[in-house]
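Asker: The active site feature in Swiss-Prot is assigned to Lys277, Arg351. The feature Mn(2+) 2 binding site is assigned by Swiss-Prot to Lys265, Asp270, Asp288, Glu349, with similarity to another entry given as support. Among the features that Swiss-Prot reports, Mn(2+) 1 binding site is placed at Asp270, Asp347, Glu349.
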Amino acid sequence: MLNINFVNEESSTNQGLIVFIDEQLKLNNNLIALDQQHYELISKTIQNKLQFSGNYGQITVVPSVIKSCAVKYLIIVGLGNVEKLTEAKIEELGGKILQHATCAKIATIGLKIINRINRFTSPTFTSLIASGAFLASYRFHKYKTTLKEVEKFAVESIEILTDNNSEAMKLFEVKKLIAEAVFFTRDISNEPSNIKTPQVYAERIVEILEPLGVNIDVIGEHDIKNLGMGALLGVGQGSQNESKLVVMEYKGGSRDDSTLALVGKGVIFDTGGISLKPSSNMHLMRYDMAGSAAVVGTIIALASQKVPVNVVGVVGLVENMQSGNAQRPGDVVVTMSGQTAEVLNTDAEGRLVLADTVWYVQEKFNPKCVIDVATLTGAITVALGSTYAGCFSNNDELADKLIKAGEAVNEKLWRMPLHDDYDAMINSDIADIANIGNVPGAAGSCTAAHFIKRFIKDGVDWAHLDIAGVANSNNASALCPKGAVGYGVRLLEKFIKEYN
């Protein structure tokens with residue numbers, strides 16, 4: 001794991017040294033001294049604008065010309081227009097620096113920032129750089145018996161000197177706790193589905209959350225049936241692995257504080273059931289439980305920081321499989337709410353799981369607000385791609401705060417519409433509700449959201465985050481390698497701490 005240390009004096013042993021330069025390409029007094037020490041290597045680099053122009057995110061790794069010095073490379077980083085820097089952009093710079101250092105095989109890196117950079121103090125700026133680098137250091141190699149040369153190398157340490165190291169370390173320690181929660185979310189999402197059965201997943205939740213003081217209740221199929229959760233059980237009835245409902249109660253606030261409920265879709269693997277998915281890319285359905293992972297990760301982040309709030313998380317863990325006992329298209333199930341649902345398509349299963357879980361959390365905990373997170377529809381990916389997740393809500397203020405929280409951590413949300421016309425599309429001829437709309441291919445993410453909305457009680461603020469397009473990525477980003485992103489943990493943590 002990457003070690004990040006805030007030190008009181010510059011080390012003479014670091015192989016790489018980070019240098020920040022904005023689009024003005026002007027060197028301050030500290031950089032002038034460093035430039036002279038390295039025979040004007042920095043100024044010569046920035047004079048060649050084809051090599052380095054100071055644009056945001058531009059990074060040039062330049063070999064040092066001093067043979068007797070431990071510093072083998074200068075990592076010259078463009079800040080662009082410093083007036084436009086945000087916390088999210090600075091974090092991304094940290095991730096990009098780590099990636100470039102990894103490619104150049106620079107094992108140890110030094111960074112010295114003792115002045116403000118625009119509105120950011122040196123502790124704030126450096127803690128964000130450190131956070132981005134730490135997030136980008138994540139790897140999932142546990143099932144590889146041999147690693148390629150490019151996979152073997154990892155940056156060992158970053159040493160940072162600021163004008164207030166204790167403050168910088170304090171800021172970074174909080175960000176590190178959040179990043180470790182993101183790592184759990186990525187880990188459990190990347191885990192193969194034959195390993196993370198509902199039982200194993202539930203055990204891992206208990207293992208990580210109980211030591212943090214979170215009350216955990218793992219409910220098996222017998223008790224789920226007694227609760228009347230016919231929709232959730234119907235999804236999992238084709239699997240040999242028993243479905244689970246996991247309830248996580250974090251009581252960080254006072255008894256008088258209201259409870260916020262987080263609900264996550266935990267479809268461990270989704271074949272589509274009898275409405276079979278195409279075989280191409282079906283292996284990616286290991287990520288169909290990413291909504292539940294985001295909920296668990298958020299609880300980890302809150303509990304590890306001892307945030308003074310009351311939050312309950314509920315995740316329904318099921319497998320949507322084929323067998324002689326699998327749910328059939330046309331089946332009717334009775335949900336916990338008493339409403340009946342016609343299952344017109346067994347591949348629209350996530351909303352069935354959520355219908356029972358959101359009802360359960362309202363019945364048991366009487367929350368003021370419910371936020372559900374799910375890789376719910378391919379339609380949201382068609383609409384928004386992998387840039388935004390969809391946000392549906394019955395409360396404008398709630399939606400606005402979630403969107404602001406997402407902007408702050410670069411986990412972006414786009415507000416999607418709710419409308420009576422969409423609600424009418426999910427009326428069933430033989431039951432109270434159908435699990436898909438009656439117009440093929442039309443408004444799929446909107447009708448799915450309305451299905452969940454039918455199970456939200458009057459007076460409860462509700463938001464539905466459809467993360468199907470952002471939960472995993474086929475390409476590495478500044479903060480994450482290819483695979484599970486861990487989307488939602490930082491967004492929800494930010495929302496709960498600062499906007500709730």
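Even glycines carry a Cβ here, placed using N, Cα and C.
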Asker: In the structure shown, which of the binding-site residues Asp270, Asp347, Glu349 has the fewest Cβ neighbours within 10 Å?
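Answerer: Least crowded of the binding-site residues Asp270, Asp347, Glu349, by Cβ count within 10 Å, is Asp347.
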Asker: Indicate the candidate from Lys265, Lys277, Arg351 with the smallest number of other Cβ atoms within 10 Å of its Cβ, considering only these recorded positions.
Answerer: Lys277
Asker: Note the Cβ centroid of Asp270, Asp347, Glu349, the recorded Mn(2+) 1 site, then list each other residue of that chain whose Cβ lies within 8 Å of it, in sequence.
Answerer: Val235, Val267, Thr271, Gly272, Gly273, Ser275, Lys277, Asp288, Asn320, Thr346, Ala348, Gly350
Asker: Residues other than Lys265, Asp270, Asp288, Glu349 within 8 Å, Cβ to Cβ centroid, of the Mn(2+) 2 site?
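Answerer: Along the chain, the qualifying residues are Val235, Gly266, Val267, Met285, Met289, Val318, Asn320, Gly350, Val353, Ala374, Thr375.
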Asker: How big is the gap, in Å, between the Cα of Glu349 (Mn(2+) 2 binding site) and that of Lys277 (active site), rounded to a whole number?
Answerer: 12
Asker: So what sits near Asp288 (Mn(2+) 2 binding site) in its own chain, CB-to-CB under 8 Å and at least six residues off in sequence?
Answerer: Lys265, Val267, Ile268, Phe269, Asp270, Gly350, Thr375
Asker: To the nearest Å, how far is the Cα of Arg351 (active site) from the Cα of Lys277 (active site)?
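Answerer: Cα-Cα distance, Arg351 (active site) to Lys277 (active site): 17 Å.
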Asker: If H, G and I count as helix, E and B as strand, and all else as coil, what does DSSP give for Asp270 (Mn(2+) 2 binding site)?
Answerer: strand
